[in-house]
């Protein structure tokens, strides 16, 4: 039996990051977590590109353009959608998740989902670096692992 696994060796890896500006008090913490992890795992600063978009809904388009450019081994998508009193939350969450997943499938580039979808600001804060860890950091680790997994499968 042959088992494929990705590791956290970040040699010659280029990463694109798409960050939503809406709820920036949360998304900036997600970005800081991602950047800290990438640097800790020895991804060079010149091998990281960050694109800011207005809101979570715009993330899939820029993630798709980055993935199709073939300049990045993985894309990390960061945003925060917090439930309000209208159905807008449901539409945004559904479309963003579909768009991100479709980008990965269409391009073969790992596209990591670091978009928080929470019922409250408190839940978002917890997932951006307090009680529940930092989703940006988790996505950075996942990006490195997925790049190496794909490389190990390219026989």
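Using N, Cα and C of the backbone, Cβ positions are placed for all residues, glycine too.
What Swiss-Prot says about this protein:
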- 22, 56, 57, 58, 80, 81, 82, 113: 5-amino-6-(D-ribitylamino)uracil binding site (BINDING)
- 85, 86, 127: (2S)-2-hydroxy-3-oxobutyl phosphate binding site (BINDING)
- 88: active site, proton donor (ACT_SITE)
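Location within the structure of each feature annotated in Swiss-Prot.
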residue : record                                           : DSSP (3 states)
22      : 5-amino-6-(D-ribitylamino)uracil binding site    : coil
56      : 5-amino-6-(D-ribitylamino)uracil binding site    : helix
80      : 5-amino-6-(D-ribitylamino)uracil binding site    : strand
86      : (2S)-2-hydroxy-3-oxobutyl phosphate binding site : coil
113     : 5-amino-6-(D-ribitylamino)uracil binding site    : strand
127     : (2S)-2-hydroxy-3-oxobutyl phosphate binding site : helix
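In this structure, 88 is the one among the recorded positions 88, 127 with the smallest number of other Cβ atoms inside 10 Å of its Cβ. Taking all protein chains in view, 17 other C-beta atoms sit within 10 angstroms of the C-beta of residue 82 (5-amino-6-(D-ribitylamino)uracil binding site). Using Cα positions, the member of the recorded positions 85, 86, 88 nearest to residue 56 (5-amino-6-(D-ribitylamino)uracil binding site) is identified as 88. Of all the binding-site residues listed here (80, 81), it is 81 whose C-beta has the fewest other C-beta atoms within 10 angstroms. Rounded to the nearest whole angstrom, the C-alpha distance between the residue listed as 'active site, proton donor' and residue 81 (5-amino-6-(D-ribitylamino)uracil binding site) is 10. Listed in sequence order, the residues of the same chain lying 6 or more apart from residue 113 (5-amino-6-(D-ribitylamino)uracil binding site) and placing their CB within less than 8 Å of its CB are 77, 97, 100, 101, 139. As a whole number, the greatest separation of Cα atoms within the 5-amino-6-(D-ribitylamino)uracil-binding residue list 22, 56, 57, 58, 80, 81, 82, 113 is 16 Å.
Sequence-distant contacts (6 or more apart, same chain, Cβ under 8 Å) of residue 58 (5-amino-6-(D-ribitylamino)uracil binding site) comprise 20. For residue 57 (5-amino-6-(D-ribitylamino)uracil binding site), the count of additional Cβ atoms within 10 Å of its Cβ stands at 19 [all protein chains shown]. The two recorded residues residue 80 (5-amino-6-(D-ribitylamino)uracil binding site) and residue 86 ((2S)-2-hydroxy-3-oxobutyl phosphate binding site) have their Cα atoms spaced 16 Å from each other. In this structure, the binding-site residues 22, 56, 85 were compared by how many other Cβ atoms lie within 10 Å of their Cβ, and the smallest count belongs to 85. Counting only residues at least six positions away in the same chain, no Cβ atom sits under 8 Å from the Cβ of residue 86 ((2S)-2-hydroxy-3-oxobutyl phosphate binding site).
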